[in-house]
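Visitor: Provided herewith is a single structure, encoded as structure tokens, for subsequent inquiry.
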Amino acid sequence: MSSNDSNDTDKQHTRLDPTGVDDAYIPPEQPETKHHRFKISRDTLRDHFIAAVGEFCGTFMFLWCAYVICNVANHDVALVAAPDGSHPGQLIMIAIGFGFSVMFSIWCFAGVSGGALNPAMSLSLCLARAVSPTRCVVMWVSQIVAGMAAGGAASAMTPGEVLFANSLGLGCSRTRGLFLEMFGTAILCLTVLMTAVEKRETNFMAALPIGISLFIAHVALTAYTGTGVNPARSLGAAVAARYFPHYHWIYWIGTLLGSILAWSVWQLLQILDYTTYVTAEKAASTKEKAQKKGETSSSSAVAEV
């Protein structure tokens, strides 16, 4: 037998079941095919395309549902008696529409592209090194295009005037509107960083607090700014309504400043290494409780004797 034949035989035997049962053939190990959605080192064209599709579909689904609900609330005669959208029923309806829409959209597409659905949120993720700068740009383009598509679709499917565009109300100035948008966006982005980026046992439920934070932002800001906190949402509605007020820039500058503010707070916590101290405090508390429980058990045993 030649040396080549013996080598082939050796290779064949190395792939047999080590237990020797029925000489079962064990196929060679296959390369890992699943990729980390937020791994910066993977910037292949295919990965970017998948992320772009996921962000487009998620953002479109989120904003189309929210736009239509917002249009219904603003056309309802019973809800528009109060000036500038300050009727409680109107506020709650709009807030629920946006909060629940982003919640189920994130749950659907978080496993595809991360489910940012918001350029401001994408910027926070990029600053936190959860996504690469290239991926951030890809997400931005998909989200902005999806926002305009959702606005056009909602406008075409619903009769009457487009009433889901952002505008200042209740005498709110541009400066106040800028800071309201900034802090509203910061709360939303910080919620994302603390519940989705931080490694916790409750990461799978991140969509719930994110939806709640957007709900709260709409209750707080709608009467004053119309609640942008998402440049794709503001631009898509403005294009559909063909209404670009001279202060439209606050829905971009304010939200981007808010995303930077949220990242700054998150980064400060990382510098302080809060997880180490929180873990140590929990361990000390657990140890103290165990000691007290042991002392109680000893006292009970002595009393019985």
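Think of each number as a place in line: the chain as shown, counted from 1.
Note: Cβ is positioned from N, Cα and C throughout, glycine not excepted.
Quick paste from Swiss-Prot:
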COMPBIAS  286-295  compositional bias 'Basic and acidic residues'
REGION    1-34  region 'Disordered'
REGION    286-305  region 'Disordered'
TOPO_DOM  1-48  topological domain 'Cytoplasmic'
TOPO_DOM  70-91  topological domain 'Extracellular'
TOPO_DOM  113-136  topological domain 'Cytoplasmic'
TOPO_DOM  158-176  topological domain 'Extracellular'
TOPO_DOM  198-203  topological domain 'Cytoplasmic'
TOPO_DOM  225-248  topological domain 'Extracellular'
TOPO_DOM  270-305  topological domain 'Cytoplasmic'
TRANSMEM  49-69  transmembrane segment
TRANSMEM  92-112  transmembrane segment
TRANSMEM  137-157  transmembrane segment
TRANSMEM  177-197  transmembrane segment
TRANSMEM  204-224  transmembrane segment
TRANSMEM  249-269  transmembrane segment
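Relative to the rest of the structure, where do these features sit?
Guide: For the compositional bias 'Basic and acidic residues' (286-295), same-chain residues at least 6 beyond its ends with a Cβ under 8 Å from one of its own Cβ atoms do not exist.
Confidence annotation: the topological domain 'Extracellular' (70-91) carries a mean pLDDT of 74 in the model.
Broken down by DSSP into helix, strand and coil, the topological domain 'Extracellular' (158-176) contains 3 helix, 0 strand, 16 coil.
Here the topological domain 'Extracellular' (225-248) has long-range neighbours at 59, 63, 66-67, 85, 94, 98, 117-121, 143-144, 146-152, 154-155, 162-169, 172, 174, 177, 180-181, 184-185, 188, 214, 217-218, 254-256, 258, meaning same-chain residues at least 6 beyond its ends whose C-beta is under 8 angstroms from one of its own.
Long-range contacts of the transmembrane segment (49-69) within the same chain: residues 37, 93-94, 96-98, 101-102, 105-106, 108-109, 112-118, 135, 138-139, 141-143, 145-147, 149-151, 153-155, 157-158, 164, 232-233, 236-237, 240, each at least 6 residues beyond the stretch ends and with a Cβ under 8 Å from a Cβ of the stretch.
Outside the transmembrane segment (137-157), and at least 6 residues removed from its termini, the chain residues within Cβ reach (under 8 Å) are 48, 51-53, 55-60, 62-64, 67-68, 71, 113-114, 116-119, 122, 131, 164, 230-233, 235-241.
Residues of the same chain lying 6 or more positions beyond the ends of the transmembrane segment (177-197) and with a Cβ under 8 Å from any Cβ of it are 110, 116, 118, 120-121, 124-125, 128, 130, 168, 203, 205-206, 209-210, 213-214, 216-217, 220-221, 224-225, 227-230, 247, 250-251, 253-255, 257-259, 261-263, 265-266.
Within its own chain, the transmembrane segment (204-224) has Cβ neighbours under 8 Å at 84-86, 91-92, 94-96, 98-100, 102-104, 106-107, 110, 115, 168-170, 172, 176-177, 180-181, 184-185, 187-188, 191-192, 195-196, counting only residues six or more beyond its boundaries.
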Visitor: What residues elsewhere in the chain lie close to the topological domain 'Cytoplasmic' (198-203), defined as a C-beta under 8 angstroms and at least 6 residues from its ends?
Guide: none
